[in-house]
Amino acid sequence: MNLITFDCVDKTFRKGFWQKTTILENISFSVQPGEFVILRGENGAGKSTILNLALGLLKPSNGEIKLMERSPKASNSKLQVGVVLQDTQVPPNAKVIELVQLWRSYYTNSLSTEEVLGKVNLKGKEHLDASGLSGGQKQRLYFALALVGNPQLLILDEPTRNLDEKGYEEFWQQIKLSHQAGITILMVTNNQSDWQELESLATREITLHKYSEAPATGQIAENILKSDREARRWRDRTVPRLTSEQNTTKTRETTSNLLPAMGGQLRFEILQLLRTPVFLVMTLALVAFLPLLKQLGIQGDAAIESLVSICGLVLFTVVIDRLGKRVAIERSEKWLKLLKVTCLPPFIHIAAKIITSLLICTVSILVAFILGYWQLGIDASFGLWTNLFLVLIVGVIPFAILGLILGYLLNPKSADSILGLSLIIIPVACGAFTVPMPNYLQDAITLLPFYHYKESILWAAGLDYDQQIFLHLLWLIWATVVFGLIALWSYQREQATQ
């Protein structure tokens with residue numbers, strides 16, 4: 001069984017609509033269990049591109065790639081893979097121990113937190129913010145995260161950069177122990193000091209030439225550093241055989257670990273949220289406008305309409321503006337890229353983001369209801385309050401998914417202004433404001449999910465609506481399904497990591 005397979009792979013990047021740049025052409029190689037393969041090449045030759053292709057971060061223009069005999073886009077292909085990449089970051093407020101525990105929740109056969117931190121000599125640093133670590137300590141942390149899942153395959157991109165002398169020695173000690181334990185390793189390194197260590201470890205060297213400078217034999221040149229018999233004897237001695245029964249068990253374990261992964265991701269998202277109090281305060285500040293309406297003498301149905309309007313503004317601010325910006329920032333800081341090289345299923349990342357946003361929405365709506373009852377004197381039945389709450393919270397789910405889509409798709413530099421502008425466009429799309437427009441645009445608004453959400457809220461609040469509640473609910477269900485499929489696609493597209 002090959003752990004990595006490239007079969008006639010090409011990779012071309014587009015620049016604009018017409019210009020294309022070819023980085024890789026007709027690349028074919030494989031990595032077998034027990035090997036220690038070194039990938040070499042000049043800067044710009046495409047070494048990182050090969051690693052990104054192998055991990056499913058990029059899609060080949062032509063050819064086929066397999067990771068652990070599966071498509072690298074599949075999250076379970078990375079269940080037994082540990083990765084260290086150059087261009088990734090961890091969230092600024094995350095602590096070392098929280099990151100290790102988050103990674104442990106993804107894997108079924110993970111090492112203990114103490115064992116992992118001990119391997120990279122980060123004991124005593126577990127309660128520090130990861131962003132406050134030195135460059136060498138951060139590199140140790142990334143290596144620790146690669147080891148958490150007890151992998152069969154390590155993919156390492158310049159893993160020794162920024163390491164001090166002690167950290168360098170400890171890294172190579174762990175690499176030797178890992179290789180002796182049968183872990184397969186694919187490493188990219190341009191550090192000359194590494195070659196002294198690699199002389200006794202590497203079984204094969206792959207040299208990658210730049211596409212524009214490739215010889216007639218192709219971009220790839222392979223050099224066997226250990227004889228076939230010696231490498232085979234090493235594999236037989238150190239590599240445990242993975243039977244079909246064991247492989248089936250691994251697949252079952254992937255499924256059974258979904259609940260711990262969801263719990264770990266949700267806990268991490270909530271912790272990150274609580275460490276950004278400005279976001280919470282600004283959200284709740286919108287609700288503070290309700291007491292001002294009392295001074296205007298608003299009562300009766302007008303009070304309920306005002307309450308509903310402010311609740312809608314708060315909800316859309318949370319699920320589209322704030323959520324979209326948060327995802328765009330995670331993309332620009334390369335945190336999303338780090339998550340995508342784990343076995344975390346995309347739908348868990350999406351679900352955790354949505355649940356966290358709904359928690360904020362729930363608190364905001366409850367505060368708004370209390371202020372509406374207390375300050376505006378809205379004397380509604382418990383049934384009406386409950387119905388209105390459920391429609392507001394459940395009905396906003398498709399728009400939370402839309403916020404994620406915008407965060408995945410928009411350029412991080414322009415996301416702030418575009419998402420802010422959406423808060424002006426959405427009330428018009430809901431039909432909440434009477435704006436002069438042609439009849440065909442007015443008809444088009446009735447096809448938008450925003451309009452159906454508004455009508456559902458009016459029904460729940462006991463206000464005048466168009467008497468088509470079942471149609472509105474069906475539209476919201478349809479929007480949830482469609483937006484959900486688009487969110488899964490947008491999460492996995494290669495630009496979502498940039």
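Glycine is no exception: its Cβ is also placed from the backbone N, Cα and C atoms.
TrEMBL: automatically predicted annotations, no manual curation.
So that you can see what the record holds, here are the features copied from TrEMBL:
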type     : residues : note
DOMAIN   : 4-236    : domain 'ABC transporter'
TRANSMEM : 273-292  : transmembrane segment
TRANSMEM : 304-324  : transmembrane segment
TRANSMEM : 354-376  : transmembrane segment
TRANSMEM : 388-410  : transmembrane segment
TRANSMEM : 417-437  : transmembrane segment
TRANSMEM : 469-491  : transmembrane segment
Outside the transmembrane segment (354-376), six or more residues from its ends: residues with CB under 8 Å to it: 266, 269-270, 273, 280, 283-284, 286-287, 290-291, 293-294, 298-299, 303-304, 306-307, 310-311, 314-315, 318-319, 322-323, 385, 389, 392-393, 396-397, 400-401, 403-404
Stretch among 273-292, 388-410, 469-491 sharing the most Cβ pairs under 8 Å with the transmembrane segment (304-324): 388-410
Beyond the flanks of the transmembrane segment (273-292) by 6 or more, those residues with Cβ under 8 Å of it: 93, 306-307, 310, 313-314, 317-318, 322, 356, 360, 363-364, 367-368, 371-372, 375-376
Model confidence over the domain 'ABC transporter' (4-236), averaged pLDDT: 89
